[in-house]
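Quick look at what TrEMBL annotates:
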TRANSMEM  A:31-50  transmembrane segment
TRANSMEM  A:56-76  transmembrane segment
TRANSMEM  A:97-114  transmembrane segment
TRANSMEM  A:150-169  transmembrane segment
TRANSMEM  A:176-192  transmembrane segment
TRANSMEM  A:198-216  transmembrane segment
Amino acid sequence: MSDEKKMTEQESLDLITNMIQKAKSSYHDTGIGSLLWGTVVSIASFVSYFERTYDFSIGFDIWLIVLAAIIPQIIFSIREKKANQVKKYEDDALNSVWLVFGLSIFALNFYQIVVPGVTSKFIQEDGWQMTKHYLDGSKPDEVLIPFPPSFYSLLILLYAFPTLVTGVVKKFKPMLFGAVITYGLFIGSCFTRSEYDWLLGGVAAIICWFIPGIILRRKYLAQQKKHV
Amino acid sequence: MFKELDPILHSQLRLAVVSLLIGVKEAEFTFIREKTNATAGNLSVQVQKLKDAGYIEVTKQFKDNYPQTTCKITPKGIEAFEAYVQALQQYLKVG
């Protein structure tokens with residue numbers, strides 16, 4: 001592109017449109033983050049479903065893999081930040097949305113771990129307790145520790161939120177559709193037994209992150225090929 | 001009465017640079033060079049002219065021991081770009 005060339009008004013307008021389009025299409029999401037979270041959350045969800053349904057244990061809490069995934073995510077984020085030649089206005093906002101999402105997931109898990117014990121203590125102080133009573137009298141009553149029912153439904157609801165924001169802001173249809181379907185899965189999970197919530201959560205992770213991750217990765221690799 | 005087209009912006013490469021920067025928060029020199037297909041020397045000169053006019057901010061720093069130049073449009077640059085587009089539209093309506 002030379003500086004000396006005289007342009008007509010139409011050429012100027014075409015150049016502006018062309019450059020704005022080039023800047024818009026320069027988004028280089030490697031898709032690794034989406035693939036990582038889609039994989040670990042779906043694996044953890046499906047393993048939890050099978051453990052509950054077929055009454056066995058793999059010997060450790062499978063959700064630890066989600067915690068462990070934070071380390072590679074940090075490494076990928078630093079690498080992507082270094083490789084990115086352009087910073088868009090929406091980047092900071094979207095990063096904040098995903099950070100808040102991560103914090104909310106941890107806060108909800110904290111709630112799930114802490115609240116039953118604390119509630120149990122409070123109601124005992126008030127002089128009563130929750131019991132499991134079998135209507136047919138086949139088994140004796142059991143003392144029940146209070147628990148948030150269908151807890152995983154809340155996580156499914158939360159999965160849809162940052163995905164929808166990203167889909168809308170980036171005009172990325174796979175995430176947009178993934179989020180809308182996930183809202184449907186959330187509604188479905190409210191009417192199913194809790195073990196099926198894990199199954200629905202696994203499906204949500206696949207459609208929210210894993211499939212969009214594959215599409216992003218393909219786009220990224222195709223873009224990289226063009227540059228070679 | 002037609003507004004005169006801003007001579008700083010009414011040049012192919014400078015207009016391309018500003019049009020790229022208008023849609024992003026900031027961009028590296030290498031990114032601008034790649035998108036405009038300009039030579040590094042020519043682009044440096046035009047970037048300097050835009051900087052002198054106060055239309056863009058240029059930050060030079062080191063990233064992994066390599067010099068890195070980042071460009072960012074200023075509020076004055078946005079204003080000038082908007083005025084330029086308005087003037088263009090005026091010309092094109094009549095044409």
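Using N, Cα and C of the backbone, Cβ positions are placed for all residues, glycine too.
Quantities reported herein were computed from a predicted structural model and do not represent experimental measurements.
Stretch with the largest number of CB pairs closer than 8 A to the transmembrane segment (A:31-50), among A:150-169, A:176-192, A:198-216: A:198-216. Through the fold, the transmembrane segment (A:97-114) approaches residues 148, 151, 154-155, 158, 161-162, 165-166 of its own chain, all at least 6 residues removed from its boundaries and within a Cβ separation under 8 Å. Only residues 6 or more beyond the boundaries of the transmembrane segment (A:176-192), in the same chain, are considered here, and those with a CB under 8 A from a CB of the stretch are 150, 152-153, 156-157, 159-161, 163-164, 167-168, 200-201, 203-204, 207-209, 211-212.
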